[in-house]
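In TrEMBL this protein carries:
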type	residues	note
SIGNAL	1-24	signal peptide
DOMAIN	34-113	domain 'Inhibitor I9'
DOMAIN	138-571	domain 'Peptidase S8/S53'
ACT_SITE	Asp147	active site, charge relay system
ACT_SITE	His204	active site, charge relay system
ACT_SITE	Ser533	active site, charge relay system
DOMAIN	648-743	domain 'Subtilisin-like protease fibronectin type-III'
Amino acid sequence: MESFRLGLATIFLFLLFAVPSLHSTKEDPAAYRTYIVFLSPPADADAMSRSAHRQWHASFLPSTLTESGETRLVCSYSATFHGFAARLTEAELAAVAKLPGFLRALPDGKRELLTTRTPSFLGLSKDEHRFWSDAGYGRGVVIGIVDTGIYGKHVSFREDGMPEPPARWKGTCTGGEESMCNRKLVGSKSFVGDYDPEDDVEGHGTHVAGIAAGNFVEGASLPGGLGPGTAAGIAPLAHISVYKVCTGDEDERNPCPDSSISCGIEEAVHDGVDVINLSLGSKANLSFDMDVVAIGAFNAMAKGILVVAAAGNSGPEPATVSNDAPWMLTVGAGSVDRRLDAEVEYGSTTIVVGEALHQDPRSEGQYPLVYTDQEDQDTCHDVSGDVAAKMVICKNVLDTEAQASIIKTLQYKGAAGVLLIEDEVDGYTTTLRDDYDGYNVMQIDSFQGRGLMDYAKSTLQPTARVSFNGAVLGVQHSPTVASFSSRGPSQQSRGLLKPDILAPGLNIISASAASTGSLDSWSSRFRVMSGTSMATPHITGVVALLKSAHPDWSPAAIKSAILTTADPLDNGGGPILDEQHEEAAFFAMGAGHVNASKATDPGLVYDIGARDYASYICGLLGENALKTITRDQSSTCSEVGIIPEAWLNYPTIMVPLKQTPVTVPRTLTNVGPAETYTASVHGASGMDIRVSPDTLVFSNPGDKKTFNLTVMVNGGGVHKDGDFLEGSLVWVSTKHLVRSPIVAVVGLPDHGL
């Protein structure tokens, strides 16, 4: 399921008088739409209570209700920006725009959902790794899940072994009389009409919450007993607060409106969450000062709250990454080393290894094959002839609803099962789906599928033997980048590497929400979902662990620790591969695959404060954007300074690809013992990378040292995936490796570097 894209704007709105002219305006109710309004705050805005803010915002509107009876005021903002969201006609908005203090209004945008084994795959185990226990399994941390809601009755959200929420916690539950709030689920609120926050029709939020912080569940498995084991979220003793901002109804015109998402983030900041998970995204490609989610995330960061967000599911096309502001932690999706193994043997000796969610031993055996290599028939869209008791080979049509309909038709015709061949663009990525109602469907990657289809076409009476092997662990070339995971470069900030990091997002097992049948029958059920939506809560859980272990670390320090300790290699010791099994570019995997156990002890971090980001904003977008994003109308670029993108103290490094030297500064902060670090650089052929000084001596925690990195290209070719070259910088001590990717890009503005 596709990951979500979010939008957030919060600029406070203050009015000292009513607007009589607005009250007399008569408009067709159909002309109403939601606008997010940004205003310049009065001097004492931060001292006002939330109720005072809301009263002033309400007094700004022509009436409490629209003519169709809807409440006008959708949300009142004060923590993430100054302003409000309201239902207005164009004429009413025009009148509002003439009032003192008005800055701008943005029409409500649309975001999408971007949607066991993984804790141990990330280096977390009850028995083998002390970091999980040393970090208290996330104890004392509250994770804000901004999503479709939650099915609170699921066993993953029971309170067994959970401590009380921290004393500073202000959140509440509004799930009604049936609310399942407890010491695990400490908050639930809805920002989409009258929808219950603990009614998760889509199941997306439930799955995401289970990945981030589901409690320990022994004997968990998929229906049929597949993938058995002890299920746990990445931070199993962290608390969860859920903010329902999506209806889960894809038939609605805007199931995940920006106004609801921004309001959810606003509320999460007020409640006192420690980290926000945003498994939502947008294809709108908005400038940061026009993106209410990016604005909200900035002001959450300024209050010490890191927003972890999905990179998007528009891969493998380049320049498709979303949620790409540098103050957000942007997550791409990779595979895990588990396969729900199903084998097809054909031609006596050739074995194809696929995957199947439904593995009934009674379905094993030899079957005749059916495959028609004709238009509309290779996808089984219009299969003719007898398919009863036969295995039908079909190409994936990519439209999930259409695919489910095709498979149901074949089941109705009596086919023994379907061998579903993935699209060539997906390469070795096999994205399992659980909407085939337990039917015998085996999914096979495109590389192996070619041989199977060729055999079926060239053989008079083709047959194949089907067998199932359950969950197989230790699969080689893990992780690989999932085909759907969105790629960089960022379109809004080309001088910064995005996505930031890779995490498990392919065929992830987590909590399932009730949708049909008895509620009790769903209380312990698990399901498989895929997407950067699923990768994001893995990182959110790691952030929670780091917040628990290092409560004094800033959001940027936590991000740096995760990025500089990431693994650039797979479980076989080779480079991480993409969906075509070619070496993955940094634009696909960021700094590499997260390693949670290493992130707690990075040695050094690249720290960044709100003022540093302000200088970056001035260099990228100018002073008006600075005022909008920081919600400070008195701030100026002459005060905060102006730096080019490449000078931001980011843990990854991007520079223009030039034959003349390009130099960028970086500053490291010691968060470990006294140590001496030596720079080690690696680059593609033709890259000349130099560091000055190349030795840094740290005597005490908190010590800061600045260095310059210079890149020059002397001939050689560019990367297979585009006009860029890659290298790396590693600071090496006796105990630590602090690694930063380096990307030199053709055509990147040099800003005088």
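Each residue, glycine too, has its Cβ placed from N, Cα and C.
Residue counts for the domain 'Inhibitor I9' (34-113) under DSSP, split into helix (H, G, I), strand (E, B) and coil, are 21 helix, 28 strand, 31 coil.
In the shown protein chains, 34 other C-beta atoms lie within 10 A of the C-beta of Ser533 (active site, charge relay system). When the domain 'Subtilisin-like protease fibronectin type-III' (648-743) is classified with DSSP, helix, strand and coil residues number 0 helix, 58 strand, 38 coil. Comparing the active-site residues Asp147, His204 on other C-beta atoms within 10 angstroms of each C-beta gives the minimum for His204. Separation of the C-alpha atoms of Asp147 (active site, charge relay system) and Ser533 (active site, charge relay system): 10 Å, rounded to the nearest whole number.
Confidence for the domain 'Peptidase S8/S53' (138-571), expressed as mean pLDDT, is 89. Separation of the C-alpha atoms of Ser533 (active site, charge relay system) and His204 (active site, charge relay system): 8 Å, rounded to the nearest whole number.
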